[in-house]
Amino acid sequence: MNATVEFAKMNGLGNRILVVDMRGRKDAVTPAAAIALAADPATRFDQIMAIHDPKIAGTDAFIDILNCDGSKAQACGNGTRCVVQALASETGRKAFTFQTVAGILNAVEHEDGTISVDMGEPVFEWDRIPLSEEFHDTGRIELQIGPIDNPVLHSPSVMSMGNPHAIFWVDRDPMTFDLERFGPLLENHPIFPEKANITLAHVTAPNAMTTRTWERGAGLTLACGSAACSAAVSGARTGRTGRTVEITVASSPNRGRLTIEWRERDNHVIMTGPAEWEWAGALDPETGAFERRPEAGAEVQ
Ligand SMILES: N[C@@H](CCC[C@H](N)C(=O)O)C(=O)O
């Protein structure tokens, strides 16, 4: 391998993330490299968070986000917490400002190791989500799946959290729905010209809900942070919950939790939760060829 870069295999509530250090380089992780890395069981991931040199003053890095099918994503909440943990352990700093294609994100690591990311402002206008036809009220749009007179899922709230989301409100544990079957149909529905992340949300208390997500470009993942933000905002917007919500991510190991606050004073959405480092290595950003670095203290054969 030549021209390799360092990377860390991490996760946010089980959402599989590769944090790739592209600082000091002009190239990017290619879609072909992403697809090759996703195909290998060792490096299988949902999103790559590629850290690049900052493009604008006042930011620490530009973050390029790739899904496991090689497509680009504008936002990744769980991945952003992983980037913060990686950079905090490298630098000893606690607060960071990132640029993404969707805008500027501020993030901070707390004393207890949890990380808060300011995910910015939600977008509700139909043409900015985007949808392919006009809906005056995107808190509830006409869209259903299943028998016409007895749909399994219907009337989602739709919005953008930098990336497009549809939240289907359900009346029981989201794990009891066949999301593997309905997810791809809804992700690729013509109403979503840029596709969409599809989430089932079950409100369990005025300040709590359980979610499960079919991700655009990644399929069923164990957790999705921007979906949790979208579910919390949509819950408050439609009068189902308050503005601060505990999200239990049904599909994540031990049903992990995120706290989401849709802040009244500036309309920003603040996501707080954990990130976990797994192992590190080096990879070729053009081909995806990689080597795992031996763990510190492990015997090198
Ligand atoms: N897992 C992410 C969301 C990833 C992006 C998504 N698949 C898209 O294409 O929009 C998260 O934690 O937010």
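Each residue, glycine too, has its Cβ placed from N, Cα and C.
The structure displayed is predicted, hence computed values, not measured ones.
For reference, TrEMBL has these:
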type	residues	note
ACT_SITE	Cys76	active site
ACT_SITE	Cys76	active site, proton donor
ACT_SITE	Cys224	active site, proton acceptor
BINDING	Asn15, Gln47, Asn67, Gly77, Asn78, Asn163, Asn197, Glu215, Arg216, Gly225, Ser226	substrate binding site
**Request:** Using DSSP reduced to three states, classify Ser226 (substrate binding site) as helix, strand or coil.
**Result:** helix
**Asked** Ranking the binding-site residues Asn15, Asn78, Asn197, Ser226 by other Cβ atoms within 10 Å, which is at the bottom?
**Response** Asn197
**Asked** Which residues does Asn67 (substrate binding site) neighbour through Cβ under 8 Å, counting only same-chain ones at least six apart?
**Response** Ala34, Asp46, Gln47, Ala73, Glu215, Arg216, Gly217, Ala218
**Asked** What is the interatomic distance between the Cα atoms of Cys224 (active site, proton acceptor) and Asn78 (substrate binding site), given in whole Å?
**Response** 6
**Fill in**
Across all protein chains shown, the one of the active-site residues Cys76, Cys224 with the most other Cβ atoms within 10 Å of its Cβ is Cys224
**the residue listed as 'active site' to Ser226 (substrate binding site) - Cα separation in whole Å** = 6
**Prompt:** According to DSSP, which kind of secondary structure is Asn78 (substrate binding site) found in, if we only use helix, strand and coil?
**Reply:** helix
**Asked** Neighbourhood of the substrate site (Asn15, Gln47, Asn67, Gly77, Asn78, Asn163, Asn197, Glu215, Arg216, Gly225, Ser226): other residues with Cβ within 8 Å of the Cβ centroid, in order?
**Response** Asp46, Ala73, Ala75, Cys76, Gly79, Thr213, Ala218, Thr221, Cys224, Ala227
**Asked** Roughly how wide, in whole Å, is the group Asn15, Gln47, Asn67, Gly77, Asn78, Asn163, Asn197, Glu215, Arg216, Gly225, Ser226 that binds substrate, by largest Cα to Cα distance?
**Response** 17
**Complete:** Cβ density check for Arg216 (substrate binding site), other Cβ within 10 Å (all protein chains) comes to 24
